[in-house]
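Beneath this line is the structure, given in structure tokens, with notes to follow.
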């Protein structure tokens with residue numbers, strides 16, 4: 001079934017998914033905050049700011065008017081940075097069709113409230129509309145999807161009907177969507193992996209090897225799972241695409257913004273220098289702060305997250321943080 005879809009957020013991932021959906025035959029309008037970006041995409045069929053070199057489907061429409069984006073839509077895909085979800089979706093409420101399925105592809109935890117993205121939606125949306133919420137997450141670099149490289153992700157929703165509808169809307173010959181009912185687990189996997197990816201990048205920047213990276217990924221997965229279980233997620237979710245899959249990709253891939261931030265920190269640059277030069281958002285920086293505070297609030301042990309917080313926000317030297325992780329009290333592996 002062809003959908004009329006509003007895609008909110010024209011970063012690399014939002015633009016890529018809008019293009020994918022348009023190529024599949026859906027009627028798609030991509031909303032961008034910047035009027036000049038809308039004009040460029042209309043004129044050149046390219047998003048040179050966030051997805052350079054990719055020609056966008058001729059059927060894709062562009063706007064910076066929220067009312068126009070939402071008009072008559074049957075599905076909404078929100079792909080704005082997690083710290084902006086509350087503002088953008090609150091502004092969207094007057095225009096949001098009540099029956100529309102809402103797909104969240106934002107990955108993070110709100111700093112001020114420690115709310116996951118679905119919890120933000122729960123606060124904003126009427127109950128009957130919140131039931132139509134799904135989360136889309138998994139190992140998926142935007143550029144690789146834009147180039148139609150085979151990719152698999154997960155769509156999680158509290159109802160089977162919503163999950164199936166999202167699965168059917170997004171699945172193509174190169175983009176395979178699996179269903180899941182664990183919205184909390186899928187969201188947390190997508191959020192926490194960004195913090196671990198910065199840690200893996202720092203390790204690479206310091207010149208440590210594959211052993212160190214493997215340890216960070218594995219113990220990072222344990223921390224992610226502990227936090228998820230404390231919040232009601234299913235442990236098995238973290239062994240899937242939205243957990244281990246996304247974690248491995250983001251900790252090892254050269255297209256990972258979060259890993260790139262970590263590499264530069266490991267090489268001696270300051271966080272403020274790095275962020276000052278970035279056009280796109282590295283979600284893991286803010287998520288480090290929110291995950292650290294959330295773990296403290298829930299009493300969940302997350303030593304990698306704790307050391308990451310001290311490095312990014314308290315100027316702790318990276319080598320000192322690694323030493324502390326390696327000299328903690330000995331324990332059984334477990335989770």
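Heads up, the Cβ atoms here are built off N, Cα and C, so glycines get one too.
Residues or ranges marked as active site, proton acceptor in Swiss-Prot: 193. All protein chains considered, the CB of residue 193 (active site, proton acceptor) has 33 other CB atoms within 10 Å.
Shown in sequence order, 278, 280, 281, 282 are the residues of the chain, 6+ apart in sequence, with a C-beta less than 8 angstroms from the C-beta of residue 257 (NADPH binding site). Residues or ranges marked as NADPH binding site by Swiss-Prot: 12, 13, 107, 142, 257, 281, 283.
Positions annotated as sn-glycerol 3-phosphate binding site by Swiss-Prot, on the basis of sequence analysis: 107, 138, 140, 193, 246, 256, 257, 258. For residue 246 (sn-glycerol 3-phosphate binding site), applying a Cβ distance below 8 Å and a minimum sequence separation of six or more within one chain yields 137, 138, 139, 140, 189, 190, 193.
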Cα distance, residue 258 (sn-glycerol 3-phosphate binding site) to residue 107 (NADPH binding site), nearest Å?
12
Residue 138 (sn-glycerol 3-phosphate binding site), number of other Cβ atoms within 10 Å:
24
Surrounding CB atoms that lie within 10 Å of the CB of residue 142 (NADPH binding site), all protein chains:
21
Filter the binding-site residues 12, 13, 142, 283 down to the ones within 10 angstroms of residue 258 (sn-glycerol 3-phosphate binding site), Cα to Cα, kept in sequence order.
283
The record names 12, 13, 107, 142, 257, 281, 283 as the residues that bind NADPH; what is their largest Cα to Cα distance in Å?
15
